[in-house]
Amino acid sequence: MTGGKSAGGKAGTTKNAQSRSSKAGLAFPVGRVHRLLRKGNYAQRVGAGAPVYLAAVLEYLAAEILELAGNAARDNKKTRIIPRHLQLAIRNDEELNKLLGHVTIAQGGVLPNIHQNLLPKKTAKTAGGKPASQEL
């Protein structure tokens, strides 16, 4: 009997390794999310589908925020997204603002807002361009 590895095993095991992220069509790492779920003591056991679903949700949220932040950067004629653009994107979107309402973004600033009572009053003019009469 010769030593070494036998040639037995399953037939046709020449498949290339494929990550769970690529199987799911995701850019976010499913394996890392699974490891963090296991080490985080959220539950005794973690199902196989849970990290895939969570990675997909995180990828969607990141894509949504980056899309809106990119639009904010383009509106400000910039090509690089800065924290200010993230702040504007999140605070101008109703659902993201609700989700991240208590989150502070460093160097994000605040939304420009002037209270209606502080704005100058509109003067009422007639169609002829003359000021409205004070007569009753």
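Each Cβ is built from the backbone N, Cα and C atoms, and glycine gets one as well.
What Swiss-Prot annotates here:
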| type | residues | note |
| --- | --- | --- |
| REGION | 1-23 | region 'Disordered' |
| COMPBIAS | 1-11 | compositional bias 'Gly residues' |
| MOD_RES | Lys5 | N6-acetyllysine |
| MOD_RES | Lys10 | N6-acetyllysine |
| MOD_RES | Gln107 | N5-methylglutamine |
| SITE | Lys121 | site 'Not ubiquitinated' |
| MOD_RES | Ser133 | phosphoserine |
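Lys121 (site 'Not ubiquitinated') falls within neither a helix nor a strand when secondary structure is assigned with DSSP, and so counts as coil. According to DSSP, Gln107 (N5-methylglutamine) is assigned to coil rather than to any helix or strand.
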